[in-house]
Number of protein chains: 2
Amino acid sequence: MTLHTSWVASANDPKHPFPLNNLPYGVFSTDTLDPRCGVAIGDMILDCQRAEEAGLISLSDEPLFDVPFWNEVMEEGPELWAALRERLTQILAEGAPDRERAEPLLVAQADAEMHLPFLVAEYTDFYAGKHHAVNVGTMFRGAENALPPNWLHIPIGYNGRASSVVVSGTPVRRPWGQLKAPDAEVPEFAPCRRFDLELEMGAIVGQPSEGPVTVDEADEMIFGYVLLNDWSARDIQAWEYQPLGPFQAKATATSISPWIVTKAALAPFRCDTPPREKELLPHLKDTGPMLYDIDLAVTLAPAGKKATEIARTNYNEMYFSAAQQLAHHSTSGCPMTPGDLLGSGTISGAEKHQRGSLLELSWGGKEPITLDTGDERAFLLDGDTLTLTGAAHGEGYTIGFGTCSGTILEALADPYARS
Amino acid sequence: MTLHTSWVASANDPKHPFPLNNLPYGVFSTDTLDPRCGVAIGDMILDCQRAEEAGLISLSDEPLFDVPFWNEVMEEGPELWAALRERLTQILAEGAPDRERAEPLLVAQADAEMHLPFLVAEYTDFYAGKHHAVNVGTMFRGAENALPPNWLHIPIGYNGRASSVVVSGTPVRRPWGQLKAPDAEVPEFAPCRRFDLELEMGAIVGQPSEGPVTVDEADEMIFGYVLLNDWSARDIQAWEYQPLGPFQAKATATSISPWIVTKAALAPFRCDTPPREKELLPHLKDTGPMLYDIDLAVTLAPAGKKATEIARTNYNEMYFSAAQQLAHHSTSGCPMTPGDLLGSGTISGAEKHQRGSLLELSWGGKEPITLDTGDERAFLLDGDTLTLTGAAHGEGYTIGFGTCSGTILEALADPYARS
């Protein structure tokens with residue numbers, strides 16, 4: 001596939017993240033427009049609410065865009081997803097007869113504030129990147145016991161907290177929590193000292209299920225993908241996570257990028273998961289390429305200083321695809337809901353610079369990394385801004401995700417003081 | 001406190017679960033009435049929607065009862081909660097001037113179908129009953145390492161799956177899942193063989209939070225309590241739960257009783273948590289009695305046979321109260337939402353008959369229990385009906401929870417067959 005050109009000139013730059021081939025879905029507002037659904041095209045956003053009101057988009061009996069979230073579109077299902085993408089492509093393609101009607105409905109991204117693109121029904125976070133699991137396991141249990149016995153057989157996951165999901169740009173307050181230093185007699189209640197990022201992709205479930213679904217069915221249910229940073233309080237986690245898993249360590253915030261890149265836009269970049277080291281049970285075997293070749297990077301900018309790239313990896317490093325994760329998620333009959341968000345798990349590669357968390361980059365804090373500014377980091381400091389980016393590279397075009405960023409605010413002096 | 005009498009005669013029986021002192025909140029429908037909010041009084045339900053439409057209840061500018069769930073009342077906050085309870089008491093008290101207007105708005109419970117009383121925002125399940133934790137820990141790690149090091153310092157919990165919460169009476173399908181017998185080389189995908197109940201109480205969060213809340217604030221945020229059965233697939237859990245906790249083992253279903261018993265109704269039954277074995281950090285210390293003296297029982301009825309009581313215990317066995325759990329849940333800044341459901345964790349007592357799960361009652365399946373029917377049970381069989389009941393006993397009156405029951409359906413023959 002090659003670049004599809006648009007009458008929105010900025011979209012035709014081969015390096016622009018939002019060409020006509022992409023058409024990612026977000027929710028935006030401006031000084032004069034309430035939050036509403038929009039589609040990114042080049043540097044602009046097409047206002048879907050006004051486009052529907054004007055009759056430019058007319059795909060269902062009931063309005064789709066009278067609410068500031070994409071869940072209603074998701075609920076309509078794959079046929080409507082395809083029809084909407086086709087219609088948006090028609091409207092925005094070079095030479096489109098609708099240009100005159102559509103042009104007044106464009107808003108500059110520079111003038112827009114982005115909001116969460118969908119109501120997060122429930123949030124699940126997986127642990128399905130092998131390099132990450134091996135790194136963490138080696139640090140905690142030694143190289144010989146790095147991977148738990150179940151790891152190669154099921155995508156290990158835990159339920160996270162949907163209420164803590166925030167859109168890129170939302171500051172993240174360093175949490176307090178109960179911690180215990182390894183040499184301490186008793187725990188203390190204190191601000192987190194080992195606050196970290198996790199570079200992940202998020203898959204958005206667009207269709208419901210009631211019983212177990214196959215991997216193929218799961219792939220059909222997925223609406224799109226976002227970048228995801230699962231902020232993690234390593235010291236809180238170390239004390240709390242046995243025997244029932246992470247809880248408050250992961251509940252402060254999870255940031256996602258504001259644009260949902262649809263499965264359709266990513267179709268040319270499908271790739272296989274890495275070779276299996278143990279044969280999967282039939283219900284988890286993939287039947288075709290369901291992972292994606294998406295370059296990912298993380299930068300860290302200390303307060304008032306320039307950003308350094310601290311990691312660069314690719315979504316194709318995942319051992320399990322989102323479709324496999326969703327299939328596993330449904331095995332027990334767990335009802336899945338449009339708006340469910342599935343975090344991939346931290347995506348690391350084999351090389352040191354490919355590690356998607358400071359825990360791995362600084363090897364548990366023992367080997368701090370040095371930024372281009374000369375600053376050292378074992379874990380995050382107040383004022384640090386973390387930014388995730390992602391892009392799939394086609395022939396003469398790019399499918400970008402925009403950015404997923406967050407700045408660390410200092411912990412509250414007294415978390416129980418009430419103004 | 002003594003019995004408050006009502007003009008609904010059945011409510012005045014000292015053993016009836018729903019006297020005027022109780023007034024629990026549910027959602028019901030009948031052959032002619034769509035699902036709507038109602039209040040139980042004796043054997044009847046007062047239809048809140050029609051009571052509001054008729055002007056009998058008029059507490060806010062916007063209608064509270066035009067939706068079939070109690071979340072809108074929760075969101076209004078404690079002042080409205082108190083005003084509503086006062087108004088309902090006025091309407092239903094013996095000698096009430098409103099009797100003539102209210103009586104036509106009563107529906108017999110026998111004619112009503114009950115629904116989930118609230119939209120479950122998110123569901124968290126704790127592990128804060130000490131006898132249960134010691135029993136399970138002893139089975140899995142030996143008596144000397146029964147309690148994890150953190151257990152006495154924080155109420156251990158994990159996020160569950162809100163979409164899997166169902167109302168009492170909903171059948172529960174035995175799940176499939178990935179299992180590995182201890183002596184097996186590889187895992188298999190099969191129906192669960194060790195399906196179990198967990199006797200719990202559920203606390204319903206009625207007010208939101210954005211930062212950490214104190215135990216006192218947490219207690220204020222709680223709207224009411226229900227009985228809760230956290231159905232558990234022990235064999236799926238054993239294979240999946242390391243290192244990130246239970247996932248599919250707990251995602252098939254969690255049943256709750258249909259009536260929310262309010263904090264106000266339970267006020268006379270407040271009691272202290274058991275003495276601390278280790279001093280808690282200040283932010284988790286309770287400042288007064290925040291647990292409740294509520295007798296709990298579980299019966300098991302094999303298909304077509306009579307029920308046997310298999311466990312009897314009391315909510316006052318919990319080591320941590322729901323207020324302490326909610327305070328801990330908020331420490332990281334995790335935003336809490338009206339409609340959040342907090343499972344207490346399995347409630348067991350010190351004696352064998354006080355154990356709230358078959359895992360404990362049959363000691364990991366090694367010592368099956370014998371029912372009054374002569375049947376033996378290590379874990380649940382298809383057709384078994386489990387019923388939880390709960391009641392607080394006042395002077396001449398009872399605050400009952402009704403029942404929380406579910407019948408086990410056989411596993412699907414082929415979970416991927418589509419009709």
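Easy rule for this one: first residue shown is 1, then count along the chain.
Yeah, the Cβs are placed from backbone N, Cα and C, and that goes for glycine too.
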Quiz item: Out of A:Asp98, A:Asp111, A:Asp125, A:Asp295, which is the one TrEMBL records at the Ca(2+) site of A:Glu198, A:Glu200, A:Asp230?
Solution: A:Asp125
Quiz item: Over the domain 'Fumarylacetoacetase N-terminal' (A:21-117), what is the model's average pLDDT?
Solution: 98
Practice problem: Could you tell me which of the binding-site residues A:Arg141, A:Glu198, A:Thr346 sit with their CB under 8 A from some CB of chain B, listed in sequence order (or 'none')? | Solution: none
Self-check item: Of A:His132, A:Glu198, A:Glu200, A:Asp230, A:Lys250, A:Thr254, i.e. the recorded positions, those within 10 Å of A:Thr346 (substrate binding site) when Cα atoms are compared
Solution: A:His132, A:Glu198, A:Glu200, A:Asp230
Quiz item: Counting all other Cβ atoms within 10 Å across every protein chain shown, which of the binding-site residues A:Tyr127, A:Tyr241 scores highest?
Solution: A:Tyr127
Practice problem: Could you work out which of the recorded positions (A:His132, A:Arg141, A:Lys250) has its C-beta surrounded by the smallest number of other C-beta atoms within 10 A? | Solution: A:Arg141
Quiz item: Counting other CB atoms within 10 A of each CB, which of the binding-site residues A:Gln237, A:Thr346 comes out lowest?
Solution: A:Gln237
Quiz item: Which residues, in sequence order, are found in the same chain with Cβ within 8 Å of the centroid defined by the Cβ atoms of A:Asp125, A:Glu198, A:Glu200, A:Asp230 at the Ca(2+) site, excluding those residues themselves?
Solution: A:Leu199, A:Leu228, A:Asn229, A:Ser232, A:Lys250, A:Thr254, A:Gly343, A:Ser344, A:Gly345, A:Thr346
Quiz item: How many whole Å apart are the CA atoms of A:Arg141 (substrate binding site) and A:Asp125 (Ca(2+) binding site)?
Solution: 22
Quiz item: To the nearest whole angstrom, what is the C-alpha distance linking A:Glu200 (Ca(2+) binding site) and A:Tyr127 (substrate binding site)?
Solution: 10
